[in-house]
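A.B. asks: Provided herewith is a single structure, encoded as structure tokens, for subsequent inquiry.
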Amino acid sequence: MRLGFHMPLSGGVGKQLNRASELGMECIQIFSGNPTSWKPGKITPKSRDLFIKKQEELQIKPLVFHTPYLINLASPKNDIREKSIYLLNAALEKAKAYDAPYVVTHIGSHVGEGVEKGIDLVSYSLEKIMEDWPEGVELLLENTSGAGSTLGGSLTELKKIIDKFSGTQVLGCCFDTAHAWGAGYDISNVKEVETTLELVNEQLGLDLIKVCHANDTNVPLGSTKDRHQHIGEGNITDEGFGALLTHDSFTPKAVIMETPKNGTDCDQINLQRLKKVVGRHEEE
């Protein structure tokens, strides 16, 4: 597996690559643009070329793009849905420009219209995006904690969407551990991980998971709450993370941490903790 973090855009992506290298990261996730804006980030050929050159030099791969939080492919409001389609299209194009194989997105909320209606609207949105899909980029639908009318708390919801496009092979899943815990998927120890992965394989298919967001959380299991915590400071436990991430279905994945940035050395501490948990502490 390759371990890394979600990194802020401040200072430019080149600066973040250098920071990632200093910390010993092997992959990186960044936003495709301002996470709270409907305006997509611009692609500047010069900065893109410098980034790709630096990425190759440092061997920090893969680069994963995360879409802005505003996207709601399930919105019953046409204007919100159309803006979401536009923003997601821009993220996919940016990923192609930067040689990034994956774009991670939250699919959104049905806003009280019901799960099936929400799934239909997501499928409609993706059909529109499929009309001009950039080659070499895969869209990963992220599971959620299942709060309110948000889609993706149950992996079966993601599977229903992905199955509608089974012939395209451009859709997969990003599995977030904190979100899974909030949605009721217990991954706190070896036994529970084995049971949960059997369920995940049944509901979704382990082969569809291409990226893992490794985040601890201190919310109660099945609470539908979404709060990220530092590795080792929540309810998932070292045993749970170790059993999950060293499972055969997860070892080839890019593992991205989205842990709190509330200290200058918190990323370094989280990285070393996770390395130790998965049996790579000898690299320290």
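Every residue, even glycine, has its Cβ placed from backbone N, Cα and C.
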A.B. asks: Which single residue out of His110, His179 does Swiss-Prot record at the Zn(2+) 3 site shared with Asp226, His228?
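C.D. replies: Within the candidate list, Swiss-Prot flags His179.
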A.B. asks: Among Asp99, Asp176, Asp186, which residue shares the Zn(2+) 2 site with Glu142, His213, Glu258 according to Swiss-Prot?
C.D. replies: Asp176
A.B. asks: Across all chains shown, how many C-beta atoms besides its own are within 10 angstroms of the C-beta of Glu142 (Zn(2+) 1 binding site)?
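C.D. replies: Glu142 (Zn(2+) 1 binding site): 19 neighbouring Cβ atoms within 10 Å.
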A.B. asks: Quick one: which residues besides His179, Asp226, His228 have a Cβ within 8 Å of the Zn(2+) 3 site's Cβ centroid, in sequence order?
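C.D. replies: Output for this site, in sequence order: Thr144, Ser145, Asp176, Ala178, Gly182, Asn215, Thr217, Lys225, Arg227, Glu258.
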A.B. asks: Can you tell which of His213, His228 has the least company, meaning the fewest other C-beta atoms within 10 angstroms of its C-beta, among these binding-site residues?
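C.D. replies: So among His213, His228, the binding-site residues given, the one with the fewest Cβ atoms within 10 Å is His228.
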A.B. asks: Are any of His66, His106, Glu142, His213, Glu258 (the binding-site residues) within 10 Å of His179 (Zn(2+) 3 binding site) when you go C-alpha to C-alpha, and if so which?
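C.D. replies: For His179 (Zn(2+) 3 binding site), the binding-site residues whose Cα atoms are within 10 Å come to Glu142, His213.
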A.B. asks: Looking at the binding-site residues His66, His106, Glu142, which ones sit with their CA no more than 10 Å from the CA of Asp176 (Zn(2+) 2 binding site)?
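C.D. replies: Passing the 10 Å Cα cut: Glu142.
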